[in-house]
Amino acid sequence: MDVFQKCLAIAKDPWHTRWICPLLLLADAGLTALVVWKVPYTEIDWTAYVEQVTQYLAGERDYTKIQGGTGPLVYPAAHVYIYQMLFRFTDQGTNIPFAQIIFGVLYLMTLAVVMACYRNAKIPPYVFPMLILSKRMHSIFTLRLFNDCFAVFFFFLAIYCYQKRWWIAGSVIYSIGLGVKMSLLLALPSVGIVLLQAIGASDAIGHASLIVLIQVLLSLPFTLHNPQGYLSRAFEFTRQFFFKWTVNWRFVGEETFLSKQFALTLLAVHVSLLFLFATTRWLKPSRQSLPEVIGSIFNPPSKAKQAQISARVTPRFILTTILSANAIGMLCARSLHYQFYSWIVWATPALLWRAGYHPILQYALWGAQEYAWNVFPSTDFSSMVVVQVLAATVAGVWYGTRTEAIDSVAEKHQHVE
């Protein structure tokens, strides 16, 4: 019984993540190598990426004219630059086994950053195994070679920098990730709220300008030729979705899925949830209402008061706020494809823990989510599970963070190093 109690104590004590994380990383490194070695590669978008890069290297700079086997180029400029480097490293895209090794290393690097974010937030060790057990996640990185892998890496690296209070580095890295895939826009409201409270209105506006400036610089080779074409392709908000590929809303039926009313309903729910979280959860470090926070933009608080607000923007608050905004976006997304699981799988364990669910329920919900995302093609039941787990995560984290301000005062800056 003493041994059992000691194991329970270790599982609940964040201090022990300093030796548990390296062991989990080592185990997953072996598992990832085994996947690359034994499981056949599946062609989905890699060839299309290579074809698009080939056209770019041939001198094409009009985004509307760059095409691949699966369709036009619909990602921002940083995607092109990253796959241009991969094109050169992999013998013009032909050495796929080496590309898989690169993505395997990227997977482990991203996992290490995620674990560091969790450790900064003092999440207990029993949560960490969920980070390495996803079959679908290994597939997305090492067998599919999606650009989401790079975007997710930059996303969590930006969170890590914000947690360490490296504000400029965080915003630069966030913008680079946004330059790979516009999915990072889902977290933008929470990033803005974090920065507003952590560094004040004037500096937060400066960071917003920095994020925009990086996008301008990244896109310059293309916007000099056809700016409207670049923006309409790289940041296309009117894209039509195919019912056959949806993972999340299949159970509503094709007619409803394709309807404009359904799209507007999801948008309304998305905006409403962001407003709810912003007004009742995300502004707690400021201890002000939304009108008061807006007023502080034009009438900034004193340096002493701003320092007090900033001290309450803890690593745990930053992780919870940004990941919850991302989860809200995924819950309300018109259509999720399988690669979008990379945006969910490493956020869910932290959010389920912040929801305050019993550990058994946390693992049950994680297992249900993993099951649903491994059903191919998706079914009415699997898509219902996807939405229900996301809904349980969002609702749970809203309830579980009701004492966030109290936690912030207690934590101060006691990071786990």
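Just so you know, glycine gets a Cβ as well, placed from its N, Cα and C.
Residues 97, 100-101, 104, 107-108, 111-112, 115, 119, 125, 128-129, 131-132, 138-139, 141-143 of the same chain sit 6 or more residues outside the transmembrane segment (20-37) yet have a Cβ under 8 Å from a Cβ within it. Taken from TrEMBL, the feature transmembrane segment applies to 20-37 (among others).
Here the transmembrane segment (98-118) has Cβ contacts under 8 Å with residues 17, 21, 24-25, 28-29, 32-33, 35-36, 41, 46, 86, 89-91, 127-128, 131-132, 137-138, 141-143, 145, 149-150, 152-153, 156-157, 159-160, 163, 315, 319, 346, 349-350 of the same chain, all six or more residues outside its ends. Feature annotation from TrEMBL assigns transmembrane segment to 98-118 (among others).
Annotation source TrEMBL lists transmembrane segment at 139-160 (among others).
The feature transmembrane segment is assigned by TrEMBL to 172-196 (among others).
Residues or ranges marked as transmembrane segment in TrEMBL: 262-283 (among others).
Under 8 Å from some Cβ of the transmembrane segment (340-361) lie the Cβ atoms of residues 110-111, 114, 117-118, 121, 123-124, 126-128, 130-131, 134, 136-137, 140-141, 146, 148-149, 152, 155-156, 183, 186, 247, 319-320, 323-324, 326-327, 330, 333, 369-370, 373, 389-390, 392-397, 399-401, all in the same chain and six or more residues away from its ends. The transmembrane segment feature in TrEMBL is assigned to 340-361 (among others).
Panel annotation: around the transmembrane segment (381-399), residues 246-251, 273, 276-277, 280-281, 320, 324, 327-328, 330-331, 336, 344, 348, 351-352, 354-357, 365, 368-369, 371-373, 375 of the same chain, lying at least six beyond its termini, place a Cβ under 8 Å from a Cβ of the stretch. According to TrEMBL, the transmembrane segment annotation covers 381-399 (among others).
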Sequence-remote partners of the transmembrane segment (262-283) [C-beta within less than 8 Å, at least six residues beyond its ends]: 189-190, 193-194, 197, 249, 252, 256, 289-290, 293, 321, 324-325, 328-329, 331-334, 394, 398, 401-402, 404
